[in-house]
Amino acid sequence: MGSCVSSPLKGSPFGKRPVRRRHSSNSRTSSVPRFDSSTNLSRRLIFQPPSRVLPEPIGDGIHLKYDLGKELGRGEFGVTHECIEISTRERFACKRISKEKLRTEIDVEDVRREVEIMRCLPKHPNIVSFKEAFEDKDAVYLVMEICEGGELFDRIVSRGHYTERAAASVAKTILEVVKVCHEHGVIHRDLKPENFLFSNGTETAQLKAIDFGLSIFFKPAQRFNEIVGSPYYMAPEVLRRNYGPEIDVWSAGVILYILLCGVPPFWAETEEGIAHAIVRGNIDFERDPWPKVSHEAKELVKNMLDANPYSRLTVQEVLEHPWIRNAERAPNVNLGDNVRTKIQQFLLMNRFKKKVLRIVADNLPNEEIAAIVQMFQTMDTDKNGHLTFEELRDGLKKIGQVVPDGDVKMLMDAADTDGNGMLSCDEFVTLSIHLKRMGCDEHLQEAFKYFDKNGNGFIELDELKVALCDDKLGHANGNDQWIKDIFFDVDLNKDGRISFDEFKAMMKSGTDWKMASRQYSRALLNALSIKMFKEDFGDNGPKSHSMEFPIARKRAKLLDAPKNKSMELQISKTYKPSGLRN
């Protein structure tokens, strides 16, 4: 749900979540958008934030105890501020989560669970310390240790050289965090480099895990089917919707792979491509700098990225591996500037895209929401407040969109967050908002204008530098060359400026900008998972590249997934899940 960051925007760079089949029946406060039927239904959707997010009484007097200062970071749900305890003058970080940003019951549960888990975890040098929580009518406030040393990748690229020994030290720290989590019955579920910050700017600063917004409690042998996480770091069994704590070892293995070579092991330009690459599990150990990497390191990465969770190394086995156990003795040979360059480009491009997303995120006017509501009403022929499969299918036909039944089924599965087989107005509107936000050129135009300071229809290098300097990515950190590299990559015709078409092409390649919306990515990855089940487990059994685990095969037979190989819907100008394309 965010972090105690003292660096720019946090969130999944890729990443970064779907239909939930609950393991418990605990009552929950609904926080989804509500339509006020006493008003003109076509006027607007009225969002009613929950009156209480945290289950137990929490003090609402944060401003009596703390002075909130400058902004440290910003994510999809909250803004992190420096805060000072009035009585002691001690500095902390305060994450303010606006209730207006919590658009679904799932979002509310994420906040509740994050607080509960941070209270449960013990004090540990590599886990950010949680102090206390507050709640008032507008927001939830999480007060925790402040981390001012920057992100893991920032520290790597700022050093003059980078070695295998440094990667071993980082990997050991991450695995020790995973061990503590598992010992206390917690699966992290979203391990990625940007969820680790250094406590301060010194060379001896501790690396700390700072975000538990997607973590969950587990019991021995318990399995989960909710798709969460950031695609590049997601284990194959998550996509197959049957997983346990083993997924954290996989994610740590992906991080280690990136630390050693600078790029993710599974890469594609679409979410579907990434998912298939993960399931296929083909890992490249041939390209530079892998020939320089020790056999022990490569062996460890392979065993952490074992596609079978039951033969994958456990966290304890990884920590006992000689390369990790003797991290201080790992080769100290420079892996080359190429690794640092790749990591820096990877980092800055993601931040550029996420800055665009921040601008896009708040630009959806009430008039467009009203249009979505009107569309729902048109489709809801029996006026019972829910869309059945038939109503959605027939409604799409009425507005000129003839969609195959399989794709309609996929859409239903993606949007039906309570799993009752129908779409409420809340579910339809919430998903539509997020998909529209990600696919609409009009919103990208608004973001483009933010960078085009002189209004000449192009983004020039100096304009990009100024915009990214706002996020501490420019001159202050000596990143001029990296910004030039980004500019060169985006400027496809090499005329020294970025047109809107080039800007749009950048934003619609890769997945990170789309996956930054948690609701969007949950729905999208769920739909992809259903599709992959059908492709991998047809009537004749699993294909050759499928994982043939008994539990996964049993689970697959329970799914009634569409046969179609693509999903691309456009409901008028309002609904276009652009990420679901072949």
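Cβ coordinates come from backbone N, Cα and C, glycine included.
Some features that Swiss-Prot has for this protein:
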type	residues	note
BINDING	Leu72, Gly73, Arg74, Gly75, Glu76, Phe77, Gly78, Val79, Thr80, Lys95	ATP binding site
BINDING	Asp380, Asp382, Asn384, His386, Glu391	Ca(2+) 1 binding site
DOMAIN	403-438	domain 'EF-hand 2'
LIPID	Gly2	N-myristoyl glycine
MOD_RES	Ser230	phosphoserine
MOD_RES	Ser499	phosphoserine
To the nearest Å, how far is the Cα of Ser499 (phosphoserine) from the Cα of Arg74 (ATP binding site)?
27
On the three-state reduction of DSSP, what should I expect for Glu391 (Ca(2+) 1 binding site)?
helix
Hey, for the Ca(2+) 1 site built from Asp380, Asp382, Asn384, His386, Glu391, who else sits with CB inside 8 A of the CB center?
Met379, Thr381, Lys383, Gly385, Leu387, Thr388, Met422
What is the separation, in Å, between the Cα atoms of Leu72 (ATP binding site) and Ser230 (phosphoserine)?
23
Tell me the Cα distance separating Gly78 (ATP binding site) from Ser230 (phosphoserine), rounded to the nearest angstrom.
18
Ten-angstrom check, please: count other Cβ atoms within 10 Å of the Cβ of Asp382 (Ca(2+) 1 binding site), all chains counted.
9
List only the single closest residue to Asp380 (Ca(2+) 1 binding site), chosen from the binding-site residues Arg74, Gly78, Thr80 by CA-CA distance.
Gly78
Please tell me which one of the binding-site residues listed here (Arg74, Gly78, Thr80) sits closest to Glu391 (Ca(2+) 1 binding site), measuring Cα to Cα?
Gly78
Between the Cα atoms of Asp382 (Ca(2+) 1 binding site) and Gly78 (ATP binding site), what distance do you get, rounded to the nearest Å?
39
Identify, in sequence order, the residues in the chain of Asn384 (Ca(2+) 1 binding site) that are 6 or more apart from it along the sequence and have a CB within less than 8 Å of its CB; answer 'none' if there are none.
none
